[in-house]
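Database features (TrEMBL):
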type    : residues                               : note
DOMAIN  : A:15-381                               : domain 'tRNA-guanine(15) transglycosylase-like'
BINDING : A:CYS316, A:CYS318, A:CYS321, A:HIS348 : Zn(2+) binding site
Amino acid sequence: MSQLQFELTTIDKALRRGSLHFTNKNKIIQTPACISYTVRGSVPHLIADNLKSLPVSMVHVALEHFVEQKEPSSFKYPHGLHRYINLPEHLIFCDVRDPSKLAPASANTEKYVAVDTHGGVRRVTADLWKQAIEAYKPDWCATPADVVKAGEEIKTKRIKKSVDRTLRWLDDCLTSSSTAPVFAPVVGFDNQEERVRSAEEAAKREQVSGFVLNGFELNKDVRMECFKASIEQLPDNKPRLAYGLSTPESILQGVAQGIDLFDDSYAFKMTERGRAITFKFGKSMSKAEEGEKPEKTLNLWDTRLAQNFDPIDSSCGCYTCTTPHTKAYIHHLLNAHEMLGPLLIMMHNVYQIERFMGTIRKSIENKSFEKDSEAFMTKYNHEKEASGMDGHEDEIDFESLGSPIKKNRIL
Amino acid sequence: MEIKSFSGLKPGQETLDLVNGAHKFQKWNRNLLTDSGGFQMVSLLKLAKITEEGVQFASPHDGSLMMLTPEHSISLQNSIGADILMQLDDVISSLTTGPRVEEAMWRSIRWLDRCIAAHKNQDRQNLFAIIQGGLNKDLRRQCIEEMVKRDTPGYAVGGLSGGEEKDVFWQIVSLCTDLLPKTKPIYCMGVGYAEDLVVCVALGVDMFDCVYPTRTARFGNALTMNGILSLKSGKFANDFGPIEEGCDCPTCTNYSRSYVHLVATKDTVGCHLVSVHNVAFQLRLMRKMREAIIRDEFPSFIINFFASYFGDKSRYPGWAVNALKTVGVDLMAS
């Protein structure tokens, strides 16, 4: 029996509520859920001690972050990835690409996925993947996908190749001696037939424990349709993970379509823009009011917060809000370009995404998901969040350091 | 924890007054110390000119003339609310020579008096005097004689760590610790490297501050009892031991040199991991010195420290050997 079992609790058309059972670790994860984004094995800005206080159970580790070294030291480390990155109590999902973006790299070939690193392009072959997974011993993983980036001119021939390659690599990787459960990528770009073929074929591999869809390969306007074409071919009793659906709006769309797992890179993206997540969902969201639609996040670079001595959110249970650190202090840290600023914001944002997923699960249980989603879309401003730092000039209180001298002063 | 008052420019005096001080602003309920702003002023601002009134400078904002007076510095430090404040001193480069050195010394005494007069919170904030006089022993003696009369809660040795020869540096420190009252804390500002701390403690210094441990951490350099490790170096890529064997900081307990090498200078996590270790190192070094002093084993501590830290005797800094001889510790003896 695979170390990873999936149980569906409720299903209503495409909408699902379930749980992932990691049987050898005795851990159960309720879905829909988010897997926490990491860079080089750490949640950005947070060392393990910081992460401990957050309700995070699963982390996503991208192989591409570790292969800059031609002979990756993480492969040589004898105790497995959990200990290498110091997250022994967390569940680790290992995939090839960074889920927050599909960075352009050189073209993939029949034999490898090309990834860009600081040290140049690296080739992730099925063999390299097997080497990594066997050394890392993650809790589960996904095999390499030949994902073609949206926007490029893609011919049908190329799309067929991507489906074929991805399947071939899947079959090759399944021969690995590793016992880590495997998720199979489902590709096919925007070609209906190929998407169906990719999903059908992946579903035929019985030992596969779940499926991965990559939103980055599709333009936003056709994404959900394309996903649908694949999802319809996938068995209900295995979980689906999707990349490229990190905004709250797209998470809601994904949940409605039957996606069970997402990544929380939205938390990181907002942190990098100096923004704290403030949106709510479901029961804890207050009704929309007349007038301007509220933002989903708060810009902590805003000079109007310089003397606001309240926490970001007094109902939030994160370290930042329970200390409670104030908006004024965090604003000061950003203005002073101190690393503690992003650290405090990141802790808050990761907590809030977890909370968001919790309210989604409750909403599905209460059979009010559709209604709650509509209310969310009506209430909030859905424009892309600008970086809070744009146009910012460091605020320096010059008067603090001295008094002006009158012009005709005799010294 | 030390706050540079120059940093009072951010968030500003008004904000700090509104929240009742830095402890509350930062949510730090342990001790804080503030510097007067004078040093940063002179080293960072263009056209800073010292006058009897105070430090005259051009506002970086609009170029208009402004003045940092002893009164203003104390007012700002009162708002910040730290447990220890520093007087505004007429700080000159340790490489300055000529009559300016003496002028700065006497002026620092006059400014000390103005700081004392301006200090609003004598009952809960401790104002330290700063001994000046450059590298001139007579001037230092005179400065100490005068400042001790003001009977401040503590004394700092200022005007050093500015690039002067280390052999002169320690002699001035030694002179100050000889003459300053034994019942008050002596604070050597801007010190420093591990070997500097050990030597200065041997000479009688009680307190130090330095940006070095965290700054060097951000560049991937870890401080250990066996010297400094440049973790960016490829030789640590496959080193799966802790930064320092025996160190109980969270980084050494949980992460390998290999992992720190992977993230150093690339992710803020790298800065955090090494900073945590380096701060722990500083605290451990000071604690071990205190324990050795209490056990009356300080001389052997010093000898062992230098042996582990530098390895070969030929690498021992000459100034440290000279300084320690004067307090009865012979580093070169076999």
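Cβ coordinates come from backbone N, Cα and C, glycine included.
Nobody curates TrEMBL annotations by hand; they come from automatic prediction.
This view paints the features noted in TrEMBL onto the structure.
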residue: A:CYS316; record: Zn(2+) binding site; DSSP (3 states): coil
residue: A:CYS321; record: Zn(2+) binding site; DSSP (3 states): helix
residue: A:HIS348; record: Zn(2+) binding site; DSSP (3 states): helix
Which residue, of the binding-site residues A:CYS316, A:CYS321, has its CB surrounded by the fewest other CB atoms within 10 A? A:CYS316
So if I measure Cβ to Cβ from A:CYS318 (Zn(2+) binding site) and keep only same-chain residues at least 6 apart in sequence, which ones fall under 8 Å? A:SER53, A:LEU54, A:MET347, A:HIS348, A:VAL350, A:TYR351, A:GLN352
Output field, Zn(2+) shell: CB within 8 Å of site CB centroid, site A:CYS316, A:CYS318, A:CYS321, A:HIS348 dropped: A:PRO311, A:ILE312, A:ASP313, A:GLY317, A:TYR319, A:THR320, A:THR322, A:MET347, A:TYR351, A:GLN352
